[in-house]
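Here TrEMBL flags A:12-34, A:54-75, A:87-109, A:129-152, A:185-210, A:236-258, A:279-304, A:324-346, A:358-379, A:385-407, A:444-465, A:488-507 as transmembrane segment. Look at TrEMBL and you will find A:50-254, A:322-507 tagged as domain 'ABC transmembrane type-1'.
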Amino acid sequence: MAARAQPVARVWPGIGAAAVVAALILGTLAAVALRAEAGRGLSPSDWAALRFTVMQAALSAVFSVVLAVPVARALARRAFAGRQAFITLLGAPFILPVIVAVLGLLAVFGRRGVLNAGLEALGMPAVQIYGLFGVVLAHVFLNLPLAVRLILQGWQTIPAERFRLAASLDFGPGDMWRVLERPMLLRMVPGAAAVIFAICLSSFAVVLTLGGGPRATTVELAIYHAFRFDFDLGRAALLSCLQIAVAGAAALIALRLSGQGGFGAGMGRPVRRWDARGAGFRAMDAAFIGAAALFLIVPLAMVLRDGIEGLGQMPADVWRAAGYSIGVALVSTVLMLSLALPMAVASARWQGLEAAGLMGIAASPLVMGTGLFIIVYPFADPGAWALAVTALVNAVMSLPFALRVLAPAARDCIADYGRLSASLGLRGRHWLRLVLLPRLRRPLGFAAGLAAALSMGDLGVIALFSDPERATLPLQMYRLMGSYRTEAASGAGLLLLALTLAVFWGFDKAGRYGADD
Amino acid sequence: MKAFAFAAGVVLATGAVAETPQLTVYTYDSFVPDWGPGPQVEAAFEETCGCDLNLVAVGDGASLLARLRLEGERSDADVVLGLDTNLIQSARETGLFAPHDVDAEFDLPVAWDDPVFVPFDWGYFAFVKDAGLEAPGNFRALGDSDLKIVIQDPRSSTPGLGLLMWVKAAYGDEAPEIWEGLADNIVTVTKGWSEAYGLFLDGEADMVLSYTTSPAYHLIAEEDDSKAAVPFDEGHYMQVEVAAKLAGSDQPELADAFLRFMVTDAFQSIIPTTNWMYPAVMPEGGLPEGFETLIAPERALLLPSEEVPALREEALDEWQRALSQ
Amino acid sequence: MALTIEGLRLRQEGFGFAADLEVTEGARVAVIGPSGAGKSTLLAAIAGFLAPESGRILWQGRDITHAPPGARPVAILFQDNNLFPHLSVAQNVGLGIRPDLKLSAAQRAQVEDALERVGLAGMGARRPGTLSGGQQSRAALARVLVQDRPVVLLDEPFSALGPALRNEMLDLMATLLGGTGATLLLVSHDPADARRIAEQTILVAEGVAHPPRETGALFDDPPEVLRDYLG
């Protein structure tokens, strides 16, 4: 309803938060650009990087979504023991530290991995993970679960009555597809694909590890190279503008296409269905669910297998680093929430604010980190601020995902209870305490878990600022790998995996605990 | 009386803390952990300098220089330790560094008379393989073979850049041909040394670009003699790791003292079994047991540091073109 | 002294609305008309949810056109979402006394008393989700009682209840609010509701709220728009 401002929810804190985010992203970019000496501008290889970036993101999005449809359909129409657990598990790869995910994928698809051992035993040629294939494989691994959840949500927007009606009209699977499922998919799939496309555009660590050479250079990777030997800050800033333009546009399209749908939180029971009862359909659904489970679980199991041996060999530093990581994750979560909550509230009136938050997807953490370094350096020792800066950058990076969850929930809360609250004179911090926070418990828990987990696994800016006394766990793991200590690094990887899942689970659980609807 | 002595000790100690000058040394990550040279170097230097040595780890060799350029003349660093021969020219051009007063007999395969940069260790780049593997003896043979190798990205890593220079130094204008030959042998190109070596240890490749000294780590620290470096008959490119004093240092005397300390036995004897490189000045006790098993390249290759930046541009272009096909 | 609406004009999603009328203090007035004609708009304007383009709203001669909703002499019940599902029944009622819920012992007793009067004695600790539809309506009514505002706006709050239960609620409300002397505006689409409790009726049709008329007279001789609506 185009009413006037709901007096319960003030808009200016949200606009302020959005301005802070914009200032962080654009201000740091400006700081880098201003510090630049005359560089050589963008080279042909930078344009090649842009082409590769778009291509790999498009392939990743298409494969994630195409594979997600049959899995989501199977989950939507089958009830089986462990279904809920499986859907919960689907959340795991998305929050997985990329550096750990890559370890797991290598253990399966690598040259000495399980898959190639099997192929060799069968006398078949080995698969080669490095290059475009590996990059897309890893992106599908990380994003397939998100695609499944988004599309499953689409299935659950079809009311149970429709399926009953379909059953009474004796619809077969083909009719069901034509009348109910295809229209829903046409609505859901473009949005899901666009979200994944936007996420994969700024991929860095995956391409860095699995890219396999100069062919596979993304824009973010080119930014990284510009910071290294060349120290060409002007080029880094230019590339970052390019990335913000491309990824920002993709993110806006995603926001448009995916509409009001949340972010895969809350998955109900399967709707009772009467179609697709034949053994063939059952077998097909079982195969899709089984294959998806294998694809997602086996790499994680490998991380577990390799990590357990290494746990005993980890030096004490690793535990200290784990402590810092938890601290950074918590601070980052608090920062993220204090940006996201006012923005979510203000988005009830000003939907554009959610788009402002989306810039986090498009921004380059390397540029943001370097910009903050340039800004902080004249006033303080950047080493001392390393953890704070990491927490801040991580908060901005997880903001788009958090907003995706919080903004619709806040809008619903204001739509449902805004007038009641206003008529009772319930506003400001009382409204926050008595209405908004309790109503938003679940999405808040979910968003906080997401932010904490993403921050936990991030090996980005910290490397720029690091000092030896205060390394985070991913950095420490990386350092162990750099000191011929692969086994201890695997142990640290397992610890990182466990802690990441634990912080997510803890927040998510806290959000659900006592939430009564 | 005891109490008085204790109190006096505390007073003296606190007095000393207040007066202790601090020397800040920027170095790369792998220098500082418990198992790296850092802790021993720090203890040894602090014994003699009456100062507090503050080792700050900032990534690897390349990020070390980037960080100094970012901080400019206001940097807190007094000394930077961990640049290599390929970075020297870029580092020199920043004008951030001051000449040293170290006078030492360097045990390097090449003559060293740089007025600013002091070597502290060195090594030869080499491909490392499992000891049993039949390996080719040069780049051409490697390119013709089916062996899989992992290398580091010359755009982000010092060994990667080293390999680029190695091929350039050995083959000059024929370098593009060599890279085209190697293209189908390269499993992947990693960001830094650590990922590449990790992939090799996990069995992802037959050989990895590393150092002739890498097998010594496995032999001495893990009592594992299953790794070996591969001798190449065109010679091996060298990496000389250097340190230098910052011109903007507020502790110039201490910085000089540190650089002089760096070439003494106390520092040099720590290097082989912590940094797994050859000491720049041979310590009195010689090399630790195990190093004698390493291969000794017949030819040491090293391009003059002034030529590196221009050659790098050219070589990078050739490399990108060969591997992008 | 009354609730006066002077030359009120407002626009909402291209839909224009106008009202110029006066409701006597203490009157019980039904608001009736076709759906989409602007019944809820009238209540929303009085409650302060919609800003008028022009015109004034006065209560006892005091201009409240620009007062925020919570500062108006108005309590309102909506069609749904009258209770916060995460708060207990007693907390929901208590919000009518202090929006920050920092209640004194006397105020808590007042809440208990209101619950007792609507027939929910002892249910204060329960969550709304555990109550039946009728009980939820009673809880909302208890809050209106403790709010103790001179104007009570009811926007079809009982429309989801069955006929018997709805009549029961209307009667209970009429009885309880009758004791307070509050002015009552009740939106309904059922003429029977109007006849049951309202002596006057405001007809809202085609974006215009007409001044109240005697309920009986209005229905006995309905104008054309009302005739069309009643069928």
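A Cβ is built for glycine as well, from the same backbone N, Cα and C atoms used for every other residue.
Annotations in TrEMBL come from automatic prediction, not curation.
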The transmembrane segment (A:279-304) touching the transmembrane segment (A:87-109) per 3+ Cβ pairs under 8 Å rule: yes
Cβ contacts the transmembrane segment (A:129-152)/the transmembrane segment (A:279-304), at least three under 8 Å, sequence gap 6 or more: yes
Recorded stretch that, among A:12-34, A:236-258, A:279-304, has the most CB pairs under 8 Å to the transmembrane segment (A:185-210): A:236-258
Most Cβ pairs under 8 Å with the transmembrane segment (A:12-34), selected from A:54-75, A:236-258, A:279-304: A:236-258
